[in-house]
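Peer 1: Reproduced below are the annotations present in TrEMBL:
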- 24, 26, 84: Fe cation binding site (BINDING)
- 3-96: domain 'Alpha-ketoglutarate-dependent dioxygenase AlkB-like' (DOMAIN)
């Protein structure tokens, strides 16, 4: 169950087919949000991406999951400051409805 909250930051990342994002933690929110441990909510739209996550900033030890268009990923509680990133984009994998004129 998500806690009662008022989102205070939105970051939109656009990845080209060669796009990447190194392992990092999200810590740019207000101090109040961080102290409450409010979750990070990620929406995937477009091409699929290989998403990495782990307890350490080490790509070799990170877990990997495929995020597809329409997926929502939420990490909070004990996992609020998990290291995460994008290792690759799967070209031409977006739903047809998103790429039509």
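Every residue gets a Cβ built from N, Cα and C, even glycine.
Give me the structural setting of these features: burial, nearby parts and distances.
Peer 2: For residue 26 (Fe cation binding site), the same-chain residues that are 6 or more apart in sequence and have a Cβ closer than 8 Å to its Cβ are 40, 81, 84.
Per-residue confidence over the domain 'Alpha-ketoglutarate-dependent dioxygenase AlkB-like' (3-96) averages 89 (mean pLDDT, predicted model).
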Peer 1: My understanding is the cutoff is Cβ-Cβ under 8 Å with a sequence separation of 6 or more in the same chain; which residues meet that for residue 24 (Fe cation binding site)?
Peer 2: 57, 83, 84, 85
Peer 1: Determine, for the Fe cation site, the additional residues of the same chain whose CB lies within 8 Å of the mean position of the CB atoms of 24, 26, 84; present them in sequence order.
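Peer 2: Near the Fe cation site, the remaining chain residues are 23, 25, 40, 82, 83, 85.
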